[in-house]
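Sequence annotations record features per position, and here Swiss-Prot assigns substrate binding site to Ser9, Lys41, Leu73, Lys87. Annotation source Swiss-Prot lists ATP binding site at Ser9, Phe10, His17, Gly88, Leu89, Arg90, Glu98, Tyr123, Ser124, Tyr125, Leu126, Ser127, Ser128, Ser129, citing sequence analysis. Positions annotated as site 'Transition state stabilizer' by Swiss-Prot: His17.
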Amino acid sequence: MKVGIYPGSFDPITNGHIDIIKRASEIYDRVIVSVMQNPNKNPMFTLGERVALIEQIIQPYSNIEVDCFSGLLIDYAREKGAKVIIKGLRAVSDFEYELQMALMNRKLCPEVETVFLMTNSQYSYLSSSLVKEVAKFKGDVSEFVPEIVLQAMSKKS
């Protein structure tokens, strides 16, 4: 069974993330959306809230699950029996950072590969940070996130 892990903070999960998740689910037998606790970020949603939102979004897909982790991603991948880390790329600037991470992960654990999926061009500018910034100033983010996330965000502001 081919297992892929799609890690991220997903704060909030965007339509760009969902596009990558759906496409990965067509390639891998099992996809684990792995929500990480990032101590360097001040999240809009708690870890539990992010997991709950993603669980509702992925409900129609039998081969996608959601989990959370902290620590080294490569250790988590080993623990889950995953041989692939899935990363979405929006721009060249994403590639530079993600390549460094992929090379470090390969050095730490050569049996786990990193696979890059190019973001659909309609989402190439989209990031959770930008969605939060627009929402902070009462801008309309309805085309960037699923309805359930939009509702959850409106309760936070």
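First residue shown is number 1, and so on along the chain.
In case you wondered, yes, glycine gets a Cβ from its N, Cα and C as well.
Sequence features annotated in Swiss-Prot and their locations in the structure.
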{"residue": "Ser9", "record": "substrate binding site", "contacts (Cβ under 8 Å, 6+ apart)": "Val35, Met36, Gln37, Asn38, Lys41, Pro43, Arg50, Ser128"}
{"residue": "His17", "record": "ATP binding site", "contacts (Cβ under 8 Å, 6+ apart)": "Gly8, Phe10, Gly88, Ser128"}
{"residue": "Leu73", "record": "substrate binding site", "contacts (Cβ under 8 Å, 6+ apart)": "Ile5, Pro7, Ser34, Met36, Ile85, Asn105"}
{"residue": "Lys87", "record": "substrate binding site", "contacts (Cβ under 8 Å, 6+ apart)": "Tyr6, Glu98, Met101, Ala102, Thr114, Val115, Phe116, Leu117"}
{"residue": "Leu89", "record": "ATP binding site", "contacts (Cβ under 8 Å, 6+ apart)": "Phe95, Glu98, Phe116, Leu117, Met118, Thr119"}
{"residue": "Ser124", "record": "ATP binding site", "contacts (Cβ under 8 Å, 6+ apart)": "Arg90, Ala91"}
{"residue": "Leu126", "record": "ATP binding site", "contacts (Cβ under 8 Å, 6+ apart)": "Thr14, Asn15, Gly16, Arg90, Thr119, Phe144"}
Tell me, by DSSP, whether Lys87 (substrate binding site) is helix, strand or coil?
strand
Can you check what DSSP calls Ser124 (ATP binding site), collapsed to helix, strand or coil?
coil
Could you tally the C-beta atoms, other than its own, that fall within 10 angstroms of the C-beta of Ser128 (ATP binding site)?
22
Out of Lys41, Glu98, which of the binding-site residues is least crowded by other Cβ atoms within 10 Å?
Lys41
